[in-house]
Every structure is written in C-alpha cells, then in structure tokens.
Amino acid sequence: DFSKAMSQAGTSQFQEVIRQELEYSMKVELDKILATAHTNELEHTKKDLEGFKKLFHRFLQEKGPSVDWGKIQRPPEDSIQPYEKIKARGLPDNIASVLNKLVVVKLNGGLGTSMGCKGPKSLIGVRNENTFLDLTVQQIEHLNKSYNTDVPLVLMNSFNTDDDTKKILQKYSHSRVKIYTFNQSRYPRINKETLLPIAKDVSYSGENTECWYPPGHGDIYASFYNSGLLDNLIGEGKEYIFVSNIDNLGATVDLYILNHLMNPPNGKRCEFVMEVTNKTRADVKGGTLTQYENKLRLVEIAQVPKAHVDEFKSVSKFKIFNTNNLWIALSAIKRLQEKNAIDMEIIVNPKTLDGGLNVIQLETAVGAAIKSFENSLGINVPRSRFLPVKTTSDLLLVMSNLYSLNAGSLTMSEKREFPTVPLVKLGSSFTKVQDYLRRFESIPDMLELDHLTVSGDVTFGKNVSLKGTVIIIANHGDRIDIPAGAVLENKIVSGNLRILDH
C-alpha cells in the first residue's frame, strides 16, 4: 500500500509539473500575441487574454465530467414553481414602475452559417420580411408604448456579428427603444495536440478568422461588467435583466414573472430565475435543473458520466429542461463579478478547421452560473415560451399559419385544435435558407398537421394543405412537385411525381 501511495503521489506530482509547464508555455504565447496589438486595442485584448488565461488554468485543473452522479438529487418541490401559480397572483396597478426596472438582453453572437447564411443569424428574415432583430425591437417598442415605459434592449454581440449588427441598428433610430451593444470576449482557439494557441498575432481577419472564437454565452457576466454598461444601467435604476437567445421567438417579456421577481410573495428576492419547460422526446439533450450540494444546479449532457447518459436523457426522471430564458439581478452580477465568484463548468468544444487541424474551444454557459447566486428559482413555463429557430424545419413552423404575429410576438393560432407543435423534418435539400425558400411557392396550410418528413428533390406549389402525417420522399435522381392546391392528409408520396404544365 505504501508503494502504491508513493506511486500515486509521484503521478500527481508529475501531472502537476506538466500542468505548470503547459501554463507557462501558454503565457509565453499569449504575451507574444499581445505584443502585436496596436495601442487602441491593447486594453481590451489584455482583458480578453487575462480571462482566457483563467479559463485555461481551470481547464488544466479539472478532469472528466464535473458532476459526481451520486450527489445529484431531484430539486425540492418549492424550488421549481409552476407558471400558473406565478400568474395567479395577477399584476399590480403600478406595473409600469416595475417594467422601468427591467433591461432586455439578447444573445446575438451567432452567425447564420448552419442555415447557409452569411452574417449574423439575427438578420435572417423569419416572418413577413421581419428578421429576429426586427421582431425583438417591435416587442419592446410595443411594451414601451403600451405602458409608457423605458425598457432598453441590450445586444451581446461577438466579433463575428458586431459590425453588421451596428450597421443595421440605424434603421431603429426613430423607434421607441434605446438599444445598447457590448461585445463578448475574443479567445484564441488552441491546437488539440500541443494545447497552444494557433494565432500568431491579434488580427482576426483574412486567414486569421479561424484562430479566434467567442467563448459561449457564459461570458456575458465578465464582458457585460467590463464594458461599463452594467454600472451605467445600475446607475439608471435598472434592477433586473431578462436574458434569452435572439433566435428563441417565444422569449418575450413576461409581466407575471417580472412582478414575482420585484414583489416576491415571501419578501425575499430571487437573484436568478431560470425558465424551464417540460421535456418532450425532441429535447432529451437539453440541460436540466437538479439539486446538488444544497444548491440548484444546471447539469448539461457533456458533464454526465458516460454510464449515466441514458438516465440523463430519460423523460421520466428528468422531466424539465432549461429554455435559456433567464432573469438575473444586476446588483448580484456586479457583486459576484467583483469577487470573482461566478462558477461555471467548462465546456470543451472540439472543432476541425477547414485545413483539417483539430482545435478546441473552451466555453461556458450562462445558465451554469445559477449555483453562484442567492435564492435561485426555476419556473416551469408553457412550451410556447420556447420557440427556437435553429434550422429551416423550425423556420417553416414559424412562417406558417400555425402562428399569428402581433406586435413582434408569435402566438399559436386559435384555429389549431391542440397546442402541440407538429414535428417537421426537412431533408438536406432544404438546409440552406435560399434553397428552402425556392422550394415553397407559398408556405403550406399546416393547422391540422402532426408530422411532416420531406426528403430529396421536392417542391411545393401555391396553397398546398398538409394534414395528419405526411411523408414525401423523392428517390435519388427523381423529383417530386406537389401541385398547387393539393391537399395531403395522412399520405406517403414517393417515387417520381412530376406535374408538368402542358
């Protein structure tokens, strides 16, 4: 046993030496990169690289999934409240004064590449020519006009989206919404083998675009604080931010949740509220809220030991998942940021660059910080508050008559008899937005649709109606044109169906 203990001590000592060497090599490389910065970019590059250094240090310390599965417990009953209970409290007469304490923050760092678009995802048209950003501005403007309030919009951009977003903001200069932006950090991608940065200097254009990345939305706390905007908003009397992904069209300001935060029934304010919703089979990979060491904690699939992944995905054991709609107290962000006390698990995101080089990105997720805040709460909200548009299949749903648009907000049509969303799977011919748009002369009537699968070279004429389960499969080399006015109810269409004009 003594020799075993000695060899273990030797191993950990050896690992410690390697860790120190890696940290030293990283520091040398980062100093070289910093030395290439111009005076005007020196300050923020320094802050970015300092933040990255801390993250890299933690990455070297932590090994394997960061949760001890045995310690995971179901959250206590009162730690996740049903939305109905929050709504039942009603609204106070002075809802305007409550709204004036709110700031809406949208996570706007993503590009539209997964849908074949260049530039920020928020500038993709989703409904009647309106982009994600247009709808967001319309929603907040409607609030400000209805209640005579001053709720500002803050966009967290990344270096990928900042220029294009700022250009477009001029079009809202006459709208009744103050819009602010700040940038999330810019971190260097590291070579998977050497664990050193692949960037040689600070530039991020041309051939250097692949050397840098925005480090996930968990970066919001540090970059919001560093931008000075956090202090300015606190100075203006703002108390809470409502944070959500800009591509979640269900994430509108909810007055009942806001009232619950500002006027808590027990007199004790929550510093952090996470909206969760019930899992369906489509959401088995979503992060879930658990009780862990007497704190609410978000557990993501990447943190789960391999042996327990199936259990994690089970809809019966973990019934809810995180929508990434979060309500957070500004004063708490400031306090924790100044104490360096925001603890978020590191997500290691492997990527292969165009030239075949394997790199890793170290990221964090905004919701993972829930355990660092006092008096956190989950609220189980209706599914309608989670309407993300990640693919053209999602886009088809939000463009269709399943939803009606009012003041920037989408609501499920009253003509749909049941409130669930149809399952839509469009094949690879529809992946890019421009291909998708070319294949629909008009968006089909989908009010009575349960399930749609389309594969291969398929086009839809005007005024097509889809009901029940519809499966359309064009074999390789064949093409199927669904004729104008066709009604497909519980149909499988396959083979080669071409309708030609005479």
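For all residues, glycine too, the Cβ spot is worked out from N, Cα and C.
Within the same chain, residues at least six positions away from G216 (UTP binding site) with a Cβ under 8 Å of its Cβ are I347, N349, E363, T364, A365. The UTP binding site annotation in TrEMBL covers K121, Q184, G216, D247, K390.
Sequence annotations record features per position, and here TrEMBL assigns substrate binding site to H217. H217 (substrate binding site) counts 23 other C-beta atoms within 10 Å of its own C-beta, drawing on all protein chains shown.
For the binding-site residues K121, K390, the ranking by surrounding Cβ atoms (within 10 Å, all protein chains) places K121 first. Residues K121, Q184, G216, D247, K390 are recorded as binding UTP; their most distant pair of Cα atoms lies 21 Å apart. Among the binding-site residues K121, Q184, D247, K390, the ones whose Cα sits within 10 Å of the Cα of H217 (substrate binding site) are Q184, in sequence order. The Cβ of D247 (UTP binding site) lies under 8 Å from the Cβ of G110, K121, S122, F132, P388, V389, K390, each on the same chain and at least six residues away in sequence. Counting Cβ atoms from all protein chains shown, Q184 (UTP binding site) has 27 others lying within 10 Å of its own Cβ.
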